[in-house]
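K.L.:
I grabbed these lines from Swiss-Prot:
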REGION    1-28  region 'Disordered'
TRANSMEM  36-56  transmembrane segment
TRANSMEM  125-145  transmembrane segment
TRANSMEM  151-171  transmembrane segment
TRANSMEM  187-207  transmembrane segment
TRANSMEM  230-250  transmembrane segment
TRANSMEM  287-307  transmembrane segment
BINDING   HIS292, HIS352  heme binding site
TRANSMEM  320-340  transmembrane segment
TRANSMEM  344-364  transmembrane segment
Amino acid sequence: MSNRTIFEEVSSDSKQQSSPTPGGIDRKRRGARGAIRVWLAVLFALVVAMIAVGGLTRLTDSGLSITEWRPVTGAVPPMSEAEWQAEFEKYKQIDQYHLMNTWMELSDFKTIYWWEWGHRQLGRVIGLIWALGFFGFLVTRSIPTGWTGRLLLPGILGGVQGAIGWWMVASGVTLGEGMTSVASYRLATHLGLAFVILGFLAWYMFLLGREERDLMQARRLKEEKLFGMSTGLLHFAFLQILLGALVAGIDAGRSYTDWPLMGGQIFPPRPFMIEPLWKNFFENPGLVQFIHRVAGYLLFAFAVVVWLRGRRSAHKATQFAFNAVFAALSLQLVIGIVTVMTAAPVEIAIVHQAVAVLVWVLILRARFLSAYPVATSIKGH
């Protein structure tokens, strides 16, 4: 049995025969594809914004400013000076304040509080828009056949993401344990799931952008080898995104600022200084940055191989998609080097993360077109 990947189209719809005289409900569902696609596009844009705001929240060390998890009542921020002072007093009970921010006044605390509150509030908005859209389409029976489960999935994953977000924050809301930030592996889990959700939304948008009949015909032209290679590239890119989260989680991007060497050496000094040994792969800044660097080189090398194969596609749109992937990855490699050599300032680090989103979506697009080519070849037939 062939392996299935997280974004592979496995719909049973392709097995259905189109009715010669579709009924009113079928026509209604077919017509709703555009509306559902717009709804997904709104969710997609909000998730991209969520990733950006989450990145800025981490880079500004704002993520621990709200020490409680109140999914509903937390939507209302402090409204009076007394309420603000109460929130500040809660923050003063955790290690981050005692070890990093004893200099803070209430006005300084408000700045980091708003970042974290905005991040959580955006999550609530995403959940609300998903629920309104999903149940609205469900009640009006506008969801195309076979799509109910698919459209339910982002909502379920969003709920899980909220729980993971608090699990992540809870790792840093400590006293006496020396934690000044969230656990890096929990941060990687949180960011990784955000990219998974974004991937599903993008894939569904690609599918709904074409008629079911067109997809059925296009699948007969599927480029199996290119599809498999792009799937591998997608998974490799996902791994690199997780490694990037580990780097951000422990500020490893600032540990060595020379390139191509690290501290004047190929391998960073004291790579296994933490006990037990396995913790170095998650908590040793030098080793974590080294792994992220090497993975980046390997990802780029593999991308070149995939790109060269993609250029041989018989379809112009597929060729263009793989050209775009190669261009975006080339840009990302350069930005990554600049990020290291400038000690990861916030403005460059957030651009690095934003381009990672671009690379992710472009790889998905190229993978989609290798599975469902647009039936116009480079020879014009």
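Backbone N, Cα and C atoms are what each Cβ position is placed from, and that goes for glycine too.
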K.L.:
Using Cβ atoms only, state whether the transmembrane segment (230-250) and the transmembrane segment (125-145) have three or more pairs under 8 Å that are 6 or more apart in sequence.
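P.N.:
Contact between the transmembrane segment (125-145) and the transmembrane segment (230-250): absent, because fewer than 3 Cβ pairs are under 8 Å.
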K.L.:
If we call contact 3 or more Cβ pairs under 8 Å (sequence gap 6 or more), are the transmembrane segment (125-145) and the transmembrane segment (187-207) touching?
P.N.:
no
K.L.:
List, by number or range, the same-chain residues at least 6 past the transmembrane segment (320-340) whose CB is under 8 A from its CB atoms?
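P.N.:
Contacts with the transmembrane segment (320-340): 230, 233, 253, 256-257, 259, 289, 293, 296, 299-300, 303-304, 306-307, 309-311, 313, 348-349, 351-352, 355-356, 358-359, 362-363, 365-366, 369.
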K.L.:
For HIS292 (heme binding site), name the DSSP secondary structure in the helix/strand/coil scheme.
P.N.:
helix
K.L.:
Would you count the other C-beta atoms found within 10 angstroms of the C-beta of HIS352 (heme binding site) for me?
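P.N.:
That number is 20.
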